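What Swiss-Prot shows for this protein is this:
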BINDING   CYS115, CYS121, CYS153, CYS157  [4Fe-4S] cluster 1 binding site
BINDING   CYS157  siroheme binding site
BINDING   CYS180, CYS183, CYS186, CYS222  [4Fe-4S] cluster 2 binding site
BINDING   CYS190, CYS212, CYS215, CYS218  [4Fe-4S] cluster 3 binding site
DOMAIN    171-200  domain '4Fe-4S ferredoxin-type 1'
DOMAIN    203-232  domain '4Fe-4S ferredoxin-type 2'
Amino acid sequence: MSIDIDIIKARAKNEYRLSKVRGEAMISVRIPGGILPAHLLTVARDIAETWGNGQIHLTTRQKLAMPGIRYEDIDNVNAALEPFLREIEIELCDVQVEDTKAGYLAIGGRNIVACQGNRICQKANTDTTGLSRRLEKLVYPSPYHLKTVIVGCPNDCAKASMADLGIIGVAKMRFTADRCIGCGACVKACSHHAVGCLALKNGKAVKEESACIGCGECVLACPTLAWQRKPDQLWQVRLGGRTSKKTPRVGKLFLNWVTEDVIKQVIVNLYEFEKEMLGGKPIYLHMGHLIDKGGYLRFKERVLRGVQLNPEAMVAERIYWAEDESVARMHLKPAGH
């Protein structure tokens, strides 16, 4: 049996994706930060085996997707998703959900992607998992498109630079000169892994402060703990990164050394900027396209309106987009010429 259904509305409202198989869709579940209680995997398995085709897809946005859902089974699947909504959205992320058996409420604000952060990774400066969960209620449920990626250090393993909103954990360093033995380990690490802003002078490490990106490689390399991260969790914000057929580009630096409170205020204003640029209609466009449409100065004024910046914060005066060869393809010639 097959039924007629507006799959576009089902996608926008309940996270169902159209399948090339007639009469079928794929449901995906939100996992902010990509970490979930292990027992919820059995819930996903049961959905896949009971109503799907027995398979689970690990999506590029750290979600679990179950293909092969028949249209007539959508209500049953929505009800079966209750543990995900209750344990992740409500209990872990503090999202207000009135009916946990009605399925997901929107797809606009995409699942927040994150690396494992400093709960696991020694290179990470910040707690990406915690931030992902605290930001979830600001991006979901919303009909307006926003792709967010959070990483714990400038290594950017999860590709925050390719997201509408890329959030990168950075750290201010504390240097205790009396502990420095002049071994040069930090200088070598910074030169090899980072930006080369350290040098040895009179047997002690010195830093060119303006060049430091706050990655923390010096902290990992120092055998005497002369370099240590300051306890404040700070972030860098990049905007406008995207893949896509229409002018793919790497995101540009917008804010540096900002606090979590600043990021929360910025996200609220990002959605207001989207609404203004789209005339109140949640049309699918990347943030970079909207910045192009409105201009950076207009964007900056709207997004920073009412935001209380912390003393360390830095703001990009302008952003310059340099398109790559993906559009013109002027460097390509027929083979053999």
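Just so it is clear, glycine is given a Cβ too, placed from its N, Cα and C backbone atoms.
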Once CYS115, CYS121, CYS153, CYS157 are set aside, which residues in the chain still have Cβ within 8 Å of the Cβ centroid of the [4Fe-4S] cluster 1 site?
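Output for this site, in sequence order: GLN116, GLY117, LYS123, ALA124, THR128, VAL151, GLY152, ASN155, ASP156, ALA158.
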Would you mind reading off the Cα separation of CYS212 ([4Fe-4S] cluster 3 binding site) from CYS222 ([4Fe-4S] cluster 2 binding site), to the nearest angstrom?
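Each residue's Cα considered, CYS212 ([4Fe-4S] cluster 3 binding site) and CYS222 ([4Fe-4S] cluster 2 binding site) end up 16 Å apart.
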Under DSSP, the domain '4Fe-4S ferredoxin-type 1' (171-200) has how many residues in helix, strand and coil?
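The breakdown for the domain '4Fe-4S ferredoxin-type 1' (171-200) reads 12 helix, 6 strand, 12 coil.
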Is any of the binding-site residues CYS115, CYS121, CYS153, CYS157, CYS183 within 10 Å of CYS215 ([4Fe-4S] cluster 3 binding site) (Cα-Cα), and if so, which, in sequence order?
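Final answer, ordered: CYS153.
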Return the member of CYS115, CYS157, CYS180, CYS222 nearest to CYS190 ([4Fe-4S] cluster 3 binding site) in space, with distance defined Cα to Cα and candidates limited to these binding-site residues.
CYS222
Sort the binding-site residues CYS180, CYS183, CYS186, CYS218, CYS222 by C-alpha distance from CYS153 ([4Fe-4S] cluster 1 binding site) and give me just the closest.
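Out of the listed candidates, the nearest Cα belongs to CYS218.
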Could you tell me how many residues in the domain '4Fe-4S ferredoxin-type 2' (203-232) are helical, how many are strand and how many are coil under DSSP?
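Secondary-structure composition of the domain '4Fe-4S ferredoxin-type 2' (203-232): 8 helix, 7 strand, 15 coil.
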For CYS218 ([4Fe-4S] cluster 3 binding site), which of the binding-site residues CYS115, CYS121, CYS157, CYS183, CYS186 has the nearest Cα in space?
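Closest by Cα distance to CYS218 ([4Fe-4S] cluster 3 binding site) among the binding-site residues CYS115, CYS121, CYS157, CYS183, CYS186: CYS186.
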Rounded to the nearest Å, what's the C-alpha distance separating CYS222 ([4Fe-4S] cluster 2 binding site) and CYS121 ([4Fe-4S] cluster 1 binding site)? Just drop the number here, would you?
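The Cα atom of CYS222 ([4Fe-4S] cluster 2 binding site) is 17 Å away from the Cα atom of CYS121 ([4Fe-4S] cluster 1 binding site).
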When the Cα-Cα distance from CYS180 ([4Fe-4S] cluster 2 binding site) is computed for each of the binding-site residues CYS115, CYS121, CYS157, which gives the smallest value?
CYS121
Specify the count of other C-beta atoms within 10 Å of the C-beta of CYS157 ([4Fe-4S] cluster 1 binding site).
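CYS157 ([4Fe-4S] cluster 1 binding site) is surrounded by 14 other Cβ atoms within 10 Å.
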May I ask which of the binding-site residues CYS115, CYS121, CYS157 is closest to CYS183 ([4Fe-4S] cluster 2 binding site) if we compare their C-alpha atoms?
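Closest by Cα: CYS121.
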